[in-house]
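What follows is a single structure, written as structure tokens, with notes after it.
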Amino acid sequence: MRKGGLTPDRDRQIEEHELQETGISPDIERLKRNINATPYQREEEEEDREEQEESVEGIFESREVPSWKKQLTIRAFVVSFALSILFSFIVMKLNLTTGIIPSLNVSAGLLGFFFVKTWTKMLHKSGLLKQPFTRQENTVIQTCVVASSGIAFSGGFGTYLFAMSHRIADQSGDVARGVKDPSLGWMIAFLFVVSFLGLFSVVPLRKIMIIDFKLPYPSGTATAHLINSFHTPQGAKLAKKQVRVLGKFFSFSFFWGFFQWFFTAGENCGFNSFPTFGLRAYQYKFYFDFSATYVGVGMICPYIINISLLLGGILSWGLMWPLIETRKGDWFPSNVDSSSMNGLQAYKVFIAVATILGDGLYNFCKVLIRTFSGLISQIRGKAGSRSSLAHKEDPPASPASPLTPRISYDDQRRTRFFLKDQIPSWFAVGGYVVISAVSTAILPHMFSQLRWYYIIVIYIFAPILAFCNAYGAGLTDWSLASTYGKLAIFTIGAWAGSDHGGLLAGLAACGVMMNIVSTASDLTQDFKTGYLTLSSPRAMFVSQVIGTAMGCLVSPCVFWLFYKAFDDLGLPNSEYPAPFATVYRSMAKLGVEGVSSLPRDCLMLCYVFFGVAILINLIKDCLGNRWGRFVPLPMAMAIPFFLGPYFAIDMCVGSFILFVWERLDAPKAEAFATAVASGLICGDGIWTLPSSVLAIAGVKPPICMKFLSAATNHRVDKFLQGSS
């Protein structure tokens, strides 16, 4: 007898064989049954036939599912470590340039499949292959890589952690309120202390989230379908073609970055300072900077995000900032530096902050309402079904009854394997308590402003917020980790107060909260992927833990490389301005200081944009999907407010390329667009490693390509002729 029972196809074959043995034609018997059947039974049989054709697990039924220990292979973690370094560089670069980070799940799954498939093929030819490459192992790699590179975001290297530094404090003009400059030792220790709690907080709820509530987790589901498709014969062929395309554009992007480097010998030199629309437009950051990374990001991000970014850039740098600049000497002092928080920079930062907070608050409330209404519906539904069974005097409904929900073969098999390897609740609760105790003891020594009782309060509420974030992400595919972090900034910062280091306490609390809720939603997303690929929950948990540990080591080292290689890291007009670091410090400053330090009419404009962000979201939801998808996103519109629209132009170029490609050849665009985009992002992202090494070694580019107006060029020529 085979394991796992009979597949629908096998059941049908046995039934037809038995009918033939009795001399009855299966087709005639099926026709008789169809005539005598009720409409509902005919519908059931039709659904059964469709299920037999569409069953995913039916395809893999003959393949043995490895035990959870065999899913965790050495080769999987070697490949994961290599890919985590690659993706950490990519995420770090995006984090320190614009803060816009697209989903890299597809790239991680595709590259993981390619590397291990190549490895196993070589071993197979040499006769040393002991274990074939399975979709479960592919899922382990995907989970580990995403967990590791996720630390590059939740670790705060472009937000709360870098916001503590002297470099960002100088721009905000509040050095006296406390600084803590980056150091490799304390950053690694901090991440190890705070990054694992979220994993333990949601482990006991995995069955409720995945099986009982059947939350969709769109990203996790899409990743699982991708991995399942890789391991079918047709999917493997397509994956090879996709990897080939990715490799071509990776090479192009890498060598394009290398070529551009030769022309960047000075400030504002090179192709990334090309005045595409003229020098006047360039002054207000309207130009195409030839960034392969953001062209690729534009191909991945939805059209509405790219359009929203461009609209935000036009509204701010094309209209608002030139108008406010004319009020110099009236609304703010005329003698302040352009980067001073007492001048125009304050309007750029705080209006963006107000818009982000308005958008975040609206979506926070919306997701919470959906979360609690969904929970109430689930609880009522279960209570109703139990009471109806308890009081029902009639015999149970037949399998054909519409009262009994049908469970597909795929769901039966997936549920059986998902519940097979349990993670004990005592282990999860005990782990949370132990790590909380260690963290509460260590963190006050790292941040003297962060008192032990602040940390205990955070850890009491964190599991509730982690559950809310994980449930909300399951419904909407939207993690609100940064919003919960901002909530911690304001609450802990205000509690500590300005005179007791509230600014640093708020930023540190943000890091604690953000890491907990972010890893919690990531793990439940991975549980969904594991459920759909028959990967063991234990394997998913161990992979997430190992990936998180990798991230706690790799991400600080990558950031440290950037920090040491680029002296202007974090400055407004540099290659890596780290815009959200300024935003987070400004939020912390607001939390402890209030709004009294803002320039004239800045507060009024903040109120207006806060309200407009909520109103736009309300209009978007009221219009529904048909028309609401054309309404811009306030969060995306706010990012260019202090950064400029140049990267939005890059992303719109990516959108335009994708749009034209879809019109010319939609099937190929659907199959290869993500591979092209991933190649562009990965190649340019990995170029930052050699460029950082060259900068640390003191190797300078040989040429400065700079653009001047005719009048300035004439003066320069005259000066050079005079000096000669």
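Using N, Cα and C of the backbone, Cβ positions are placed for all residues, glycine too.
As annotated by Swiss-Prot, compositional bias 'Basic and acidic residues' applies to 8-20. Feature annotation from Swiss-Prot assigns phosphoserine to S25; the stated evidence is a large-scale study or a structure entry. The region 'Disordered' annotation in Swiss-Prot covers 1-58, 386-407. What Swiss-Prot records for 72-92, 96-116, 144-164, 184-204, 245-265, 304-324, 349-369, 423-443, 455-475, 541-561, 603-623, 679-699 (among others) is transmembrane segment, and it gives sequence analysis as the kind of evidence.
The transmembrane segment (603-623) and the transmembrane segment (349-369) are in contact, since at least 3 Cβ pairs between them lie under 8 Å (pairs 6 or more apart in sequence). Between the transmembrane segment (144-164) and the stretches 72-92, 96-116, 184-204, 245-265, 349-369, it is 72-92 that has the most C-beta pairs under 8 angstroms.
Residues 100, 284-286, 298, 331, 344, 347-348, 351, 629-634, 636-641, 644-645, 647-649, 651-652, 654-655 of the same chain, all 6+ positions outside the transmembrane segment (304-324), place their C-beta atoms under 8 angstroms from a C-beta of that stretch. Remote same-chain partners of the transmembrane segment (184-204), defined as residues 6 or more beyond its termini with a Cβ less than 8 Å from a stretch Cβ, comprise 151, 154-155, 161, 423, 425, 427-429, 431-432, 435-436, 438-439, 442-443, 446, 459, 462-463, 466-467, 470, 511-512, 515-520, 522-524, 541, 544-545, 548-549, 551-553, 555-557, 559-560. Among residues of the same chain six or more beyond the transmembrane segment (541-561), those with a C-beta under 8 A of the stretch's C-beta atoms are 72, 76-77, 80-81, 84-85, 88-89, 92, 140, 143-152, 155, 157, 182, 184, 187-188, 191-192, 195-196, 199, 203, 423, 519, 522-523, 526, 689, 692-693, 696. Sequence-distant contacts of the transmembrane segment (349-369) (same chain, six or more residues past either end, CB-CB distance under 8 Å): 316, 320, 341, 468, 472, 475-476, 478, 480, 482-483, 486, 582-583, 586-587, 590, 598, 602, 605-607, 609-614, 617-618, 621, 633-635, 637-639, 641-642.
With respect to Cβ pairs under 8 Å, the transmembrane segment (72-92) is most closely packed against 679-699, considering the stretches 245-265, 423-443, 679-699. Remote same-chain partners of the transmembrane segment (245-265), defined as residues 6 or more beyond its termini with a Cβ less than 8 Å from a stretch Cβ, comprise 107, 110-111, 271-272, 290, 292-293, 296, 672, 675-676, 678-684, 686-687, 690-691, 694, 700-705. Counting same-chain residues at least six beyond the ends of the transmembrane segment (679-699), those with a Cβ under 8 angstroms from any Cβ of the stretch are 86, 89-90, 92-94, 102, 104, 107, 245-258, 261, 291-293, 295-297, 299-300, 561-562, 564-566.
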